[in-house]
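Chemist: Would you mind keeping the following structure in view while I ask a few things?
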Amino acid sequence: MTVRPVGGFRPLGCRIPAPPCATLRTVKRTLPDWLLLPGALAFVVSLGSYLQVARLEGPQLDDPDIEVYVQAGAAFRHHQHVYDLAFTAGHWPFTYPPVTLLAFDQLSRLGSTHALVALNALTVLSLVVVCLLSLRMAGLRGRLGLAGAALALAAGSLWLEPVQANLNDGQINMILVLLVMADFALPDGHRLRGAAIGVATAAKLVPGIFIVYLLITRRFRDALTATGVFAALTLLGFAADWRDSAQYWFTGMFASSGRVTQDVALGGSLDQSLHTLAARWTGSDGVYYALALVVAVAGFAVARAAWLRGEELLGVACTALTGLLVSPVSWTYHYAWIVPVLVATTAVAAQVPARLRWLSAGLPGLLVLAFLAWPMQGRDEHVAAPRGLLWHLPDIEDPTTWHGVQRVVGDTYTLVSLALLVLAALWLRRSKTAVEPAPELAVSSV
């Protein structure tokens, strides 16, 4: 028989159920098949429009990251010491772990132009799949209808500034988001759960924050798998190039934010983290360390609370926001996580009590407005190029030119991320009593 506990008493021989699975609280809804056609049309039109603007406008940046990848890959192939070199006219160092040079070696054989096309094709494909996984984790079902909704979401997401930044710069962040999302989309207990997070962490370290998320949600086997894959790939890097690997890992180079920002860029609007927030407003690293500690503890607490409620997508989104905030450097293209965050925000807004729904309904829209690639004057006077809100500041690299509300705009992504964590905490706290089911205990018969 089953009984419910009273006053914390647990009968002898009872079995306490495991924490809720990812879809326990999620309200499932099957989408109609007819959504596929309009979704596909919207995606084709959106992608075509982006390609046309990109053709007319040309590259946004003079030293896109794809150039660093290609040149570093070529240097590795010719047995040069990659971490001693500077690449492109901007003299940027290579900052990724050594194992990634195996992939960039192959990419470099394509040349910069073809490498950018190949990487952007992977980014767009990753965007579509991330949209699909996010919607599925939010409880939406229906093979054709879900595919149509994912394509429609991807069509709109192409015009978010972090997505545009990844495409313009030839970045790999959307691919990393896909790896993490694919991992959490696997069913609980799957033998490969954690492996993709390990791959993402080996490629860029920052996704390692999701290993912490696995630990605080007591999924120790998944965390061990992720750590094992990360360690194996790191050892592969040592096997491929012992000297560069030793230099990267044993001299503290992997933790040097100065290599990523070249120091001079720290404080510019394209770096959106607590580090730059503290630098702009106080000029104190001590303030950053204190803020980062508080936000890390609070962010993980909110993420764990979401998981306990069965809101896996919300837990993943809160973990991603926490990582972006506490990281010493978070360029706008790191905010590729805005796509699953937007879906999680919409899912939460849909669960708000009816009397407050009018207030919550506008939250996803405000989020889009903050991260949208707004049109502004491009390099060609006849082209209105898409740029994020941060690009509208007088000088994106010099905060001393900002005044009044411009100083707040310069921290848009950081402030919005903090606000989302606070709202998630308030929502989880407010609805905990109303929605948390009383645990059932199975008692052995005597």
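Heads up, the Cβ atoms here are built off N, Cα and C, so glycines get one too.
Owing to the predicted nature of the structure, the values given are computational and were not obtained by experimental measurement.
Straight from TrEMBL, here's the annotation block:
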- 34-53: transmembrane segment (TRANSMEM)
- 115-135: transmembrane segment (TRANSMEM)
- 142-160: transmembrane segment (TRANSMEM)
- 195-216: transmembrane segment (TRANSMEM)
- 223-240: transmembrane segment (TRANSMEM)
- 287-306: transmembrane segment (TRANSMEM)
- 313-329: transmembrane segment (TRANSMEM)
- 335-352: transmembrane segment (TRANSMEM)
- 359-376: transmembrane segment (TRANSMEM)
- 412-428: transmembrane segment (TRANSMEM)
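Have a look at these and tell me how they're positioned relative to everything else.
Modeler: Sequence-remote contacts of a segment are chain residues at least 6 beyond its ends whose Cβ falls under 8 Å from one of its Cβ atoms, and for the transmembrane segment (34-53) they are 124, 128, 144-145, 147-152, 154-156, 158-159, 164, 167, 383, 385-386.
Listed as Cβ neighbours of the transmembrane segment (223-240) (distance under 8 Å, sequence separation of 6 or more from its ends, same chain) are residues 97-102, 183, 192-195, 197-199, 201-202, 208, 210-211, 214-215, 246, 249.
Sequence-distant neighbours of the transmembrane segment (313-329) (same chain, 6+ residues past either end, Cβ-Cβ under 8 Å): 22, 26, 134, 137-138, 180-181, 184, 206-207, 209-210, 212-213, 217, 257, 260-261, 266, 271-275, 292, 295-296, 299-300, 302-304, 306-307, 335, 337, 340-341, 343-345, 347-348, 413-414, 417-418, 420-421, 424.
Below 8 angstroms of C-beta separation, residues 26-27, 127, 130-131, 133-135, 137-139, 153, 157, 160-163, 166, 173-174, 176-177, 181, 272, 311, 313-314, 316-317, 320-321, 324, 359-361, 363-364, 367-368, 371, 413, 420, 424, 427, 431 of the same chain, each at least six residues beyond the ends of the transmembrane segment (335-352), sit close to that stretch.
Listed as Cβ neighbours of the transmembrane segment (412-428) (distance under 8 Å, sequence separation of 6 or more from its ends, same chain) are residues 272-274, 276-277, 295, 298-299, 301-302, 305-306, 309, 311, 314, 317-318, 321-322, 324-325, 330, 332, 335, 341, 345, 348, 352, 363, 367, 370-371, 389-390.
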Chemist: Rank 115-135, 195-216, 287-306, 359-376 by Cβ pairs under 8 Å to the transmembrane segment (142-160) and hand me the top one.
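Modeler: Top-ranked stretch among 115-135, 195-216, 287-306, 359-376: 115-135.
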